[in-house]
2 protein chains.
Amino acid sequence: MTKINSVAVVGGTHGNEFSGIYLLRKWQNNHNLISRSSFSVQTVLANPKAHEENKRYVDSDLNRQFDISELANLDLANYEQSRAKVINNQLGPKGDAKTDFIIDLHNTTSNMGPSLILLQSDEFNCKMGAYVKSRMPEAVVVFEDHASVEEHYFLSSITPQGVIVEIGPQPQSVIRQDVLDWMEDMTRHILDYVDLHNTNTLPELPSSYEAFEYTETLKLPENENGERIGMVHKNVQDGDFKQLNSGDPIFTLFDGSEISWEGDYEAYPHFINEAAYYDNNLAMSLAKKRIVEI
Amino acid sequence: MTKINSVAVVGGTHGNEFSGIYLLRKWQNNHNLISRSSFSVQTVLANPKAHEENKRYVDSDLNRQFDISELANLDLANYEQSRAKVINNQLGPKGDAKTDFIIDLHNTTSNMGPSLILLQSDEFNCKMGAYVKSRMPEAVVVFEDHASVEEHYFLSSITPQGVIVEIGPQPQSVIRQDVLDWMEDMTRHILDYVDLHNTNTLPELPSSYEAFEYTETLKLPENENGERIGMVHKNVQDGDFKQLNSGDPIFTLFDGSEISWEGDYEAYPHFINEAAYYDNNLAMSLAKKRIVEI
């Protein structure tokens with residue numbers, strides 16, 4: 001990995017995820033909190049109109065608009081599709097980006113704690129996970145590396161390197177101090193890591209650590225008409241990153257009956273009952289445990 | 001108190017408070033779950049358009065539209081003002097209502113557990129609180145009896161008797177099983193109580209119980225321009241109905257400093273950091289403890 005010269009810290013990609021938006025305001029007034037000597041850093045409020053309207057998005061989810069062919073498709077012109085093109089021009093363009101590293105700040109209504117989502121498992125990212133966990137033992141590292149960074153449609157995929165900081169539980173349109181503090185801490189550790197990487201002064205890191213790798217997304221139970229007929233089982237609610245075994249109850253139907261998970265691996269649910277996932281009737285994501293060796 | 005002949009169970013007064021909306025669907029298909037021999041019961045989905053749009057309200061908060069003079073003001077014609085007139089016609093009119101008793105079902109993002117909000121402290125209501133707590137020890141009873149029922153602007157004030165069932169914590173636009181179960185249980189106990197009252201077969205109740213009475217609402221910290229400059233202190237977050245003493249920290253400003261509560265009574269915060277209160281920059285309600293003798 002070469003040196004990282006240019007970093008963007010992005011908040012408000014979803015307009016009702018308040019922590020990043022409030023941190024941006026703080027950092028814009030106190031730039032020294034995010035500046036480091038070995039790189040330049042800018043802040044970007046990604047979806048100001050959605051924040052004004054106190055919504056996740058106005059027309060479509062901004063964090064699903066960064067597919068490289070869709071960025072090039074000028075017929076895609078709704079508000080978020082337009083914002084995506086502007087942000088891609090500002091920080092990218094994807095494939096040949098002028099920015100080296102994006103930190104995209106998100107909240108979830110799920111009980112995920114301070115989670116660091118990484119889109120690839122190269123040495124730089126694996127070491128970053130180790131560094132952040134060494135400074136913040138409650139941090140959880142999740143790899144969503146089932147596709148290449150460029151194939152992802154997330155905002156942070158504009159740059160070859162980037163992270164999603166995902167902190168919860170926090171209801172939409174609320175500021176919780178514990179969640180804000182976690183987000184500020186995790187962002188600081190990530191910026192420190194980049195600086196230590198750049199200056200070749202990384203401390204010794206543990207040789208391995210426990211992380212998770214995304215496997216699949218589960219839908220809420222539906223009938224033939226696509227209507228929701230059940231909910232996340234109370235034993236699973238709030239149990240993000242707790243083990244789920246085949247045969248464990250996972251959904252309760254509104255008629256009182258239960259559905260069990262029938263999988264062939266030890267699963268670790270996360271994004272459990274995330275409010276924003278209801279748009280697509282999604283119930284949760286599943287992961288496997290992964291031991292990362294560095 | 002005379003016999004209650006006609007009951008309305010209302011859900012979806014706020015369109016993104018899902019528990020009541022889903023319970024209405026269940027009860028509409030299984031009317032026997034809410035029917036009792038001594039009274040008739042109907043269900044009302046109060047704000048269908050807000051639910052369709054997955055919002056609390058479309059134009060203005062429906063649960064603030066039942067002031068008797070505003071109900072009579074035909075110039076107030078936005079969506080919720082119109083819905084209020086229709087519902088008042090269906091269940092009321094306020095002051096001379098054809099319905100005897102309303103149960104209005106709500107969710108909060110605050111950690112209030114299963115709460116029963118009562119707008120007056122007459123014998124009927126005081127005994128209802130005792131009955132519900134005897135069947136559901138985790139229930140909390142809150143009196144908002146600082147004004148007469150008729151002076152309130154809540155939907156449940158259409159009828160001389162009525163309750164607000166307020167259950168949390170639940171993010172907006174989410175269904176949590178624990179919260180749904182609490183709401184179903186509390187509603188069942190209220191309906192049972194009305195039936196036992198009607199048939200003069202109430203069991204013996206404890207002679208007194210602990211409840212709360214609303215005292216005031218606190219705003220989030222603002223600067224001179226009315227901009228939010230702080231948040232609920234992490235020690236208070238999730239501590240609904242836990243004692244707050246003068247001198248305890250209550251807010252953390254974004255600059256890191258803390259503000260303490262300087263009150264002359266032992267306060268019990270509730271609706272702490274409720275998402276819907278941000279519209280008006282409200283932080284929480286306060287209550288005093290009250291021992292109810294029956």
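Residue positions begin at 1 at the first shown residue.
For all residues, glycine too, the Cβ spot is worked out from N, Cα and C.
Among the candidates B:His51, B:His106, B:His146, the residue that TrEMBL annotates alongside B:His14, B:Glu17 as binding Zn(2+) is B:His106. Computed over the domain 'Succinylglutamate desuccinylase/Aspartoacylase catalytic' (B:4-193), the whole-number mean pLDDT of the model equals 97.
According to DSSP, B:Glu166 (active site, proton donor/acceptor) is assigned to a strand segment. With an 8 Å limit on C-beta distances, none of the recorded positions from B:His14, B:Glu17, B:His106, B:Glu166 reaches chain A.
Least packed by the Cβ count within 10 Å, out of the recorded positions B:Glu17, B:Glu166, is B:Glu166.
In sequence order, B:Gly12, B:Thr13, B:Asn16, B:Gly20, B:Arg56, B:Asn63, B:Leu105, B:Asn107, B:Thr108 are the residues of the same chain, not among B:His14, B:Glu17, B:His106, whose CB sits within 8 A of the CB centroid for the Zn(2+) site.
Counting only the Cα atoms, the space from B:Glu17 (Zn(2+) binding site) to B:Glu166 (active site, proton donor/acceptor) is about 10 angstrom.
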